[in-house]
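Student: One structure, as structure tokens, below. Some questions next.
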């Protein structure tokens with residue numbers, strides 16, 4: 001599309017037919033007002049000026065647009081935008097409201113009114129204020145570089161400066177964690193004749209995923225009488241009209257108002273998921289009951305400005321999580337025990353301390369069911385399997401003790417370590433149980449035990465909650481077991497295992513418990529019933545291992561003979577290491 005550039009104080013003739021005309025104007029920093037005016041508007045087929053002017057992007061929501069409809073008999077109409085977005089191109093769309101064959105001609109003109117800013121620091125104010133008195137006037141200060149490059153604006157000529165600009169230092173601490181601080185300290189001097197402006201740059205692409213927290217604090221002794229400190233937090237441009245309005249409304253954005261006085265010396269504001277770009281904090285000193293002005297010339301206000309991924313680190317009943325989607329990074333609280341809210345502080349559906357303790361006992365004590373397969377494994381001489389079951393029971397118990405929120409929590413290691421060990425133990429327990437049922441040779445079985453454990457450990461490192469981390473190795477072990485069982489069936493010409501009692505009282509109950517456990521774990525477990533369903537999963541997993549463990553392997557024959565020297569003589573060795581000669 002052809003877009004014409006509308007320069008300030010430069011008339012631009014336009015003619016409208018059936019298609020709209022697109023214009024754009026660049027708004028420099030410290031622009032106080034933008035005036036758009038249509039002059040000499042005439043129409044060939046209808047009286048008045050049938051033109052609709054839309055300022056703002058066409059794809060943005062309606063509250064980010066300003067619409068001016070010029071249908072009156074006058075030859076000009078105008079639109080005044082206070083504090084338009086600074087440092088941006090502003091799109092203007094002109095549409096004809098007349099018929100398709102009617103032409104409308106007009107002249108578009110824009111005028112900018114710019115502030116004269118001072119860039120100042122706390123030390124500079126102290127140097128210009130002998131004996132630390134607060135009677136320093138703006139005229140005593142030397143201008144900073146911020147007022148350069150505004151010669152085209154209509155308001156740059158003489159006159160008083162309309163704002164004080166305080167430089168702000170940005171310190172990136174961690175992911176979605178930024179701290180802002182005035183260059184020369186944490187205090188900002190607020191005056192009554194001009195607003196003090198702080199610019200917060202949230203423009204790294206990841207800053208919109210956290211929460212912007214602003215805390216203002218003033219000493220009660222500095223604020224006397226009816227003195228009031230008002231503040232506005234706005235995106236894209238600063239609010240400058242404290243003397244006429246306190247609604248913190250700029251051209252396209254509704255800001256956030258704050259106020260400080262002797263009775264309330266602290267003000268807090270939290271903005272979750274702030275818009276990426278520049279944010280501005282404006283402060284000014286007001287005395288509503290003193291038309292002649294405030295007694296104090298300046299009041300220092302302490303600021304605490306930072307961007308955090310989660311509010312208060314989600315408190316004791318939540319966990320701060322990061323989500324990356326389509327190159328955007330978001331942070332949020334995952335609440336537990338029925339707590340809700342941005343920082344898990346809403347206890348309307350929260351569990352009591354007694355309910356939390358019961359849930360912790362269910363999840364931890366249900367792991368004692370693993371004592372049954374541990375005892376059976378030791379009794380049947382499956383010592384490796386018993387070690388794996390004990391490992392799983394130990395780390396599952398303490399992982400769930402650490403995973404609990406609030407009062408009922410106990411962590412012997414870091415949460416991440418306990419979780420990894422719990423997931424590893426569950427997968428390896430299933431792996432060794434199925435391979436033990438396959439009745440492999442001892443050396444081959446132990447080699448597969450080790451290789452499977454290494455593969456499961458690697459897959460958990462890649463994706464800890466991946467469903468194939470455990471299912472993949474277990475399916476492979478099941479294929480090995482099925483192959484060995486089929487091989488024995490063909491070799492012995494009968495079904496394996498051969499005993500129907502083992503099928504009826506061991507294998508079928510074990511398979512049933514494992515199937516029910518998998519069904520509960522994959523499809524029935526929710527955040528509301530987690531304490532009960534996951535405890536049942538522990539019991540079913542340990543119970544199925546106890547039922548599926550094979551009986552003790554048959555003992556080696558007491559006589560192991562080898563032919564030596566002659567076919568008439570054999571040297572045999574029994575279990576007591578005694579030698580016999582047999583003819």
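Backbone N, Cα and C atoms are what each Cβ position is placed from, and that goes for glycine too.
In TrEMBL, annotation is done automatically, which means it is predicted and not curated.
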Student: Between 407-424, 425-442, 443-460, I'd like to know which one TrEMBL lists as transmembrane segment.
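Tutor: Of 407-424, 425-442, 443-460, TrEMBL gives transmembrane segment for 443-460.
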Student: For residue 320 (disulfide bond), write down the residues of its own chain that are at least 6 apart in sequence and whose Cβ falls under 8 Å from its Cβ; none is a fine answer.
Tutor: 309, 310, 313, 314, 331, 332, 333, 334
Student: If you count Cβ atoms within 10 Å of the Cβ of residue 310 (disulfide bond), leaving out that atom itself, what do you get?
Tutor: 24
Student: Counting other Cβ atoms within 10 Å of each residue's Cβ, which of the disulfide-bonded residues 335, 344 comes out lowest?
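Tutor: So among 335, 344, the disulfide-bonded residues given, the one with the fewest Cβ atoms within 10 Å is 335.
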Student: Which residues of the chain, 6 or more past the ends of the transmembrane segment (466-486), have a CB below 8 A from one of its CBs?
Tutor: 423, 426-427, 430-431, 434-435, 437-440, 448, 452, 455-456, 459-460, 496, 522
Student: In this predicted model, what is the average pLDDT of the domain 'EGF-like' (306-345)?
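Tutor: Mean per-residue confidence for the domain 'EGF-like' (306-345): 87 out of 100.
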Student: Helix, strand, coil residue numbers for the domain 'EGF-like' (306-345) per DSSP?
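Tutor: Here the numbers are 7 helix, 20 strand, 13 coil.
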